[in-house]
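Undergrad: Submitted below is the structure of interest, expressed as structure tokens.
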Amino acid sequence: MAHATSLYISASANRHPHAASVHSASSLVAFGSQNAVALWDSADVHDKGIFQTLPGHNAEVTCVKWLETRDALVSADEKGVIRLWRRVDNQWISAASVEAHSRSISALGVHDGLILSGASDATLKAWEIIREGDKESFGLYQTIDMKRRFPLAIELSRLPASEAVIMAVASTDRDIKIFTRTPDGQFTPSLTVQGHEDWVRCLAFSLSAASLGAPSSQTETLTLASGSQDGYTRLWVINPENSMSSPSTAVTDAGKGTGEPEDDLLDAFERSLGELGSDGSGGKQISNRSHLFGVPNADGSTQRYTLVFDALLIGHEGTVTSVSWRPSSPHQLASASPTLLTTSTDGSLILWSPTSPSTSAASLWINRQRFGDIGGGKIGGFVGAFWGSAGKEVMGWGWGGGWKRWREKEKSEKTEEGQRNSQAEAVRDNEEGEADAVEVEVETWEEHGAVTGHQGPVKGIAWDPSGSYIISASLDQTTRIHGLAGVGAKDGKDEQVWHELARPQIHGYDLVGVVWVDPLRFVSIADEKVARVFDAPGGFIRTLKGLGVGADAVGSVDEHARPVAASLPPLGLSNKAITEDADNAPPTEDAAEAPVRSPFEGELASATLWPEIEKVFGHGYELISIAASKSGKRIATACKATTPEHAVVRVYETHEATQWRPLGEPLAGHTLTVTRIAFSPDERFVLSASRDRTWRIFEVQEGFAPAAAEKAHARIIWDCAWTHENDGIFATASRDKTVKIWQPTGPGSGNAERKWKAIATIKTREAATAVDFLPIDVKTSRRRMAIGLETGEVLIYRSPREQPEKWEVELALDTALMPVDQVHRLTWRPPHRDVPEGVGHLAICSEDRSLRIISVVFSPE
């Protein structure tokens with residue numbers, strides 16, 4: 001029986017700061033990717049990336065949170081729906097769902113079985129999971145009116161030395177609202193904390209053992225970190241009233257690396273707080289006033305707590321988008337220094353720690369490490385980040401949806417005053433002014449590979465002629481090349497996994513199609529009137545050789561005879577070649593010395609461009625479809641059209657000697673936009689499908705002339721494809737929920753006698769949007785065809801070679817493998833040594849922003 005498995009899923013994270021979560025024990029990352037929840041095992045030694053997506057939401061996922069168990073998580077979307085997911089028998093299922101809010105959910109909080117949701121309907125709702133036999137459901141037990149304020153962040157924790165629960169809520173004002181849970185399970189407002197100058201975007205609690213300088217009666221301390229649009233992060237300490245210790249108000253400037261607690265520096269800063277701003281408002285106010293609030297106990301008594309401002313962290317130049325406390329490892333000492341992770345829209349990620357972990361009264365918070373990009377240009381700023389691998393990794397995703405990951409290398413070093421490391425340093429002066437040697441853990445971090453994917457719908461894909469790698473084009477205005485790269489010997493064997501290898505085009509228009517004309521040259525079309533031709537630079541060839549990819553494609557190509565790279569001028573649309581002797585030429589390495597790894601997100605976004613070598617003109621409106629002949633000697637293009645004059649197909653020769661000139665007259669006949677073009681395997685015919693519900697075939701005869709035309713479907717024809725055996729059979733897929741198989745009739749000696757008729761009609765449950773044939777299996781003599789639907793479903797049909805009118809379903813992809821939105825293109829991988837006999841590799845691109853490569857093992861019957 002046929003079955004399918006996932007080889008590769010390329011997908012991006014949604015642009016919501018709470019759209020991703022990591023399970024602290026398993027390092028399993030779950031994040032929203034359009035309408036699905038993607039699962040990524042960040043601890044996988046082979047770094048395979050996303051291994052599964054969870055369908056179920058009908059709107060973009062905005063929030064994801066793991067429950068305490070590694071086998072359950074909750075997600076929320078823009079329509080106000082919350083879903084509970086559970087892993088049962090190693091399969092993820094949607095266990096329960098509820099229409100929680102009338103508008104988009106913007107924040108989720110989870111603690112000890114409690115689920116708090118906040119939405120744009122200006123309400124907070126508290127939920128519990130109710131189990132009745134094998135069924136689960138959400139039970140609502142409280143609704144809190146936010147008084148026309150939209151919740152932006154929700155965090156819950158246990159209070160120090162108590163089982164009572166505290167909840168902090170940030171909303172569309174400058175305040176942090178503190179709620180506590182009463183013995184009857186209801187949350188009541190306890191305190192409003194002020195201090196930030198703009199909306200508070202993120203919150204994080206850290207409940208830790210008390211520091212050595214705290215009173216002996218104090219066993220725990222609770223710290224709340226808050227990040228705001230004002231660019232600052234504030235720390236607040238919560239303690240029982242009877243164990244209150246003196247606050248350690250601290251101000252740091254990450255831009256200066258480390259700060260020394262000099263009295264004159266602090267005095268100067270305090271004086272500046274009272275100065276007026278440029279708008280005449282007051283300066284930044286820091287108040288050490290203790291905020292008191294009480295929590296009722298079950299016996300009727302009240303436990304009082306204090307909340308005190310503790311530190312102001314200054315270092316970001318944009319909105320602080322996330323804050324996350326480093327989880328403590330089991331072998332970590334109680335007095336170990338806490339570390340806070342913050343991210344910002346300025347593209348930076350900072351790790352903060354106090355200089356004196358053993359005493360809280362005189363500590364100064366400094367930046368131990370700073371990651372990211374200056375100016376945020378490469379990833380567009382961080383949307384969010386968190387700790388992974390029990391605090392040994394940092395993972396964050398940017399505005400473009402791609403992830404970046406850093407892993408710590410451990411080492412310790414003793415340092416004295418005057419010998420400070422730029423990454424992390426702490427020297428404390430004693431009362432006599434002498435420097436005490438303090439043992440400091442100097443952390444060294446290195447970047448590692450992470451998940452990448454398009455941030456817009458993927459409209460076009462194409463395998464290179466050798467089948468070694470695949471290129472994708474998306475409405476996010478990028479083309480990306482994905483290949484099977486070796487990651488070295490692990491677990492006693494070499495493992496090959498798919499990765500993004502290059503981002504050859506970062507354009508200013510939405511890209512809608514792409515084709516290869518040879519293994520190192522492609523043509524792309526965008527929402528503009530010209531097609532652009534790109535040629536591989538030497539840097540790409542070195543990458544392929546270093547990773548062992550595309551031996552059939554690269555062959556003996558000399559990378560030194562090509563430009564080393566390409567650059568995109570400011571405000572430009574055409575990539576310019578960079579030669580080795582150019583002033584802006586990047587440093588190059590021999591293939592033997594080049595690092596054997598796939599490029600990181602930052603490198604993909606800036607250093608893997610291909611030079612543009614040609615523009616192809618001809619159409620009067622924006623291009624919509626492109627195809628290339630099997631040999632790559634010809635391409636055909638079509639544009640958007642509402643009149644027969646523009647509803648034409650233009651064919652071009654691709655030889656440089658011909659300067660990409662048109663071949664013959666434009667192929668006229670359609671009345672509306674041509675949606676798809678396909679060359680026959682022998683390059684004798686050009687097949688076109690159109691919004692006018694017809695297909696047309698043009699035959700080469702001193703140029704191209706129409707051979708047949710047919711009113712084929714009741715609705716728009718989305719796709720068409722030829723079989724590979726040169727028998728004239730092709731298929732058309734339409735919105736009328738049918739796929740039709742067409743076969744030539746008559747002797748075929750001339751255009752007048754050449755006709756095609758529909759020999760089979762396959763009915764689908766939804767509109768058919770994509771179709772492609774696989775070459776006939778020699779052993780079973782069966783023809784196979786893949787069909788993609790508007791809902792994301794993918795079906796594999798088979799037919800006996802001698803009976804092309806008989807088709808049956810061989811396999812329907814499981815929901816965990818298929819996209820969650822419309823399939824735009826699907827294409828079988830050309831014959832390749834990596835594809836075993838009886839197996840097909842199917843690439844699928846979709847409106848859900850994903851590119852998937854599925855391995856299908858066919859039935860031997």
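Cβ atoms are placed via backbone N, Cα and C, with glycine included.
Whatever TrEMBL says is automated annotation, not expert-curated.
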Undergrad: Quick test of your reading of TrEMBL: among 356-377, 444-465, 576-597, where does it put region 'Disordered'?
TA: 576-597
Undergrad: Can you name the far-off residues of the same chain, 6+ from the ends of the repeat 'WD' (710-743), with a Cβ under 8 Å from a Cβ of it?
TA: 675-676, 678-682, 685, 687-691, 693-696, 756-776, 783, 785, 787-788, 790, 801, 804-805, 807, 825
Undergrad: Grab the same-chain neighbours of the repeat 'WD' (98-129) for me: Cβ-Cβ under 8 Å, and only residues 6 or more beyond its ends, written as numbers and ranges.
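TA: 16, 18, 59, 62-68, 74, 76-82, 84, 136-158, 165, 167, 169, 171, 187.
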Undergrad: By DSSP, how many residues in the repeat 'WD' (710-743) are helix, how many strand, and how many coil?
TA: 0 helix, 19 strand, 15 coil
